[in-house]
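Asker: Pulled from TrEMBL, these are the listed features:
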- 1-19: signal peptide (SIGNAL)
- H182, D205, H207, D209, D310, D312: Mn(2+) binding site (BINDING)
Amino acid sequence: MRPAAVSVAFAAFSALTAAHSHTHEAETQDPFVGWTQEDLDAKWGTDWGFSGISTFAHLPHARCLQYPDIAYDIAILGAPFDTAVSYRPGARFGPRAIRAASARQTSFRGYNPRAALNPYREWATILDCGDIPITPFDNALALRQMTEAFTNLAHSSATPENTASTISYRRKPKLLTLGGDHSIALPTLRALNKVYGNVAVVHFDAHLDTWHPAKYPSAWVDPDDPNEQSFFTHGTMFWVAHNESLLLPHKSVHAGLRTRLSGIGDNEDDDAQGWVRIACDDIDDIGVAGVITKIMDHVGTETPVYLSIDIDVIDPGLAPGTGTPEPGGWTTRELIRVLRGIEGLNVVGADIVEVAPAYDGVGEATALAAAQVGFEVLTSMVKRGLEMSGVDREAEGQRVAGGKVRVRDEL
């Protein structure tokens, strides 16, 4: 054999041997991370914003209604119901859309600078409890289903360490509901009444939602019969709640109103039910800080509050995906600033409703706004639990001075 051929053959053999050696090393080398559960969690236990099963903010999922022994401190619950609307349906798909839009919220990147905390990594165990399986065929049955579901969850237990806490806010679990049309507030208020008694409602909406049901065309029904099924709508549920004595007298507030009325009698009916009204235009005159002050001075910091947020409080140019759009609304930023400013409220339950993704744009602006609102509500709930422990997590904030609530002006 020629020397050149021998050299080539030897080189080929050496390369084959080296390749086999590298392959063997790759097969036998220690894993980069070991095989303990902690290691496995570190390798495979996280999701990117675009990966994973769709829960709110990638939170753990549990069927809390099906397994009532599951303990949590704050639950996200979907109420996919929209057959009590007066105009465009579609909010039954709201919970799904809001969860999808929350995908960029993760526990490893959930720090909220305005509150100096990450709500997903503080004292509260937060779960996504899935959806109530609500019938789309029978509103009377749907109301019964929702009332039972919310009542069951209202009587759930907080996690053991918080059930025994010296901080009263932590002892009872809280619920953030994703609607669904706004009528879901009625069964929620019924459930809260079993635990807290009467509550105040802080209501962000373009519409009053305290209308007498007979203000709608009603020739086919008895306007004096409170048991008429058609009286349960997304524009009458607070009227029903008032008649069922679920609300604290003269403690509830509307904010962002700009709807057309059937007449001045609508406001008079609202007055008779004990509400204070903040019009959408008021924000131009008194500013965000003025709106915050009016809410906080009227409601106070110890009153149990149900926070009800209809996404149509935002202008439809910014949040078109809703069933009863009203031009001339607040910006998304204005709503969020107000919500941040009222963080001192004693919120015992909340909802975000009327997101109808079929009318949203390709950028999902409405669902994104709702997801951010949810993040702000969760942040304020968690922060209240911290502040009542004496842990001051803010550089500036609301302080009680001279019997009035001094409000942070972020503008």
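Any Cβ shown, glycine's included, is placed from N, Cα and C.
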Asker: If we count other C-beta atoms within 10 Å, could you say which of the binding-site residues H182, H207 has the fewest?
Answerer: H207
Asker: List, in sequence order, the residues of the same chain other than H182, D205, H207, D209, D310, D312 whose Cβ lies within 8 Å of the centroid of the Cβ atoms of the recorded Mn(2+) site.
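Answerer: Near the Mn(2+) site, beyond H182, D205, H207, D209, D310, D312, sit H203, F204, A206, H234, G235, V313, T324, V353, E354.
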Asker: May I ask which residues of the same chain, at least 6 positions away in sequence, place their Cβ under 8 angstroms from the Cβ of D312 (Mn(2+) binding site)?
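Answerer: Listed in sequence order: D205, A206, H207, A319, T322, G323, T324, P325, E326, G329, E354.
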Asker: If you skip the near sequence neighbours and keep only those at least six away, which residues in the chain come within under 8 angstroms of D310 (Mn(2+) binding site), Cβ to Cβ?
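Answerer: In sequence order, H182, H203, F204, D205, A206, H207, D209, T322, V353, E354 meet the Cβ cut-off.
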Asker: I'd like the number of other C-beta atoms within 10 A of the C-beta of D205 (Mn(2+) binding site), please.
Answerer: 27
Asker: Measure the Cβ-based neighbour count of D209 (Mn(2+) binding site), defined as the other Cβ atoms within 10 Å of its Cβ.
Answerer: 26
